[in-house]
Amino acid sequence: VGEDSAVFELEAQKIVSWVYFSVILGVVLFILKVAWLDGSSGLGKAFIDSVSGFSDSPEVVMLLLTIIFAVVHSGLASLRDAGEKVMGERAYRVLFAGTSLPLAVSTVVYFINHRYDGVQLWQLQGAAGVHQLVWLTNFVSFFFLYPSTFNLLEVAAVDKPKMHLWETGIMRITRHPQMVGQVMWCLAHTLWIGNSVTLAASAGLIGHHLFGAWNGDRRLAIRYGEAFDAVKSRTSTVPFAAIIEGRQKLPKDYYKEFLRLPYLSITALTLSAYFAHPLMQAGSFGLHW
């Protein structure tokens, strides 16, 4: 019943589609820079300043930023069916991404700039094995965090966006990989940094993704009905639960479902992001948010 995830057939790809994707990505990044990040023309700093006006506490500001993003992101996701009927799938995807992206960037930048503010609750960075544990947890979390990379052309609205009912690959482990990945990322960063700002950020993000898991099931049930019920019966929210309970039967060649270009791309991008941390930090510091 469920769809086969992470399938990438080279012969089915159209060069013109990826040209469109590259152009759209470039335009989006340019607009983001001018309209949100630029110190003279962008609205990003004014947005951060307005949220910061509610409290001098970086923990409160961090939590408010995650709540604002969560309300907008989940709210627009919940309105997707109605919005697509009015605007069409592509136009609604542009609205969804164009609203969510600057809020997500603002939240990430504020976290990077203020992650060592607040009260230090514990200090384990020098403890044996902690760095390796945190690094491995972060690395694995990205395989759960980004199932959307299965459909980059839909993310950019080059192809008509669809609400998919995945069942293979990472979905055999958990029906909500993004939630699981976010929890792993938050636990790893909270363990490593060990202060109140990181704890506030993690509480907001985990809360948002727990709601997103419930809301995602609700939306899929409305869209697919009995087909979703069948997939739900064979999968689980808690990782590996359906496998342990015998509801999910893994094929003998299950590992082949991960030997696909999207997962290999995630591996490369995750390693690149780790080594690019100094660049991300420098870029965030330069915004003075």
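FYI, residue positions are counted from 1 along the chain as it appears here.
Cβ coordinates are placed from backbone N, Cα and C, and glycine is handled just like the others.
Here TrEMBL flags 18-37 (among others) as transmembrane segment.
Here TrEMBL flags 60-79 (among others) as transmembrane segment.
Residues or ranges marked as domain 'NnrU' by TrEMBL: 61-280.
For the transmembrane segment (91-112), the list of distant contacts is 28, 32, 35-37, 43-44, 47-48, 61-62, 65-66, 68-69, 72-73, 76-77, 80, 83-84, 154-155, 157, 161, 197-198, 201, 280-281, 284-285, 287, 289: same-chain residues at least six beyond its ends, Cβ to Cβ under 8 Å. Here TrEMBL flags 91-112 (among others) as transmembrane segment.
As annotated by TrEMBL, transmembrane segment applies to 132-153 (among others).
According to TrEMBL, the feature transmembrane segment maps to 258-277 (among others).
Counting residues 6+ beyond its ends, the transmembrane segment (132-153) has Cβ neighbours under 8 Å at 5-7, 17-18, 21, 159, 162, 164, 166, 170-171, 174, 177-178, 180-182, 184-185, 187-189, 191-192, 262-263, 265-266, 269-271, 273-274 in the same chain. Model confidence over the domain 'NnrU' (61-280) is summarised by a mean pLDDT of 93.
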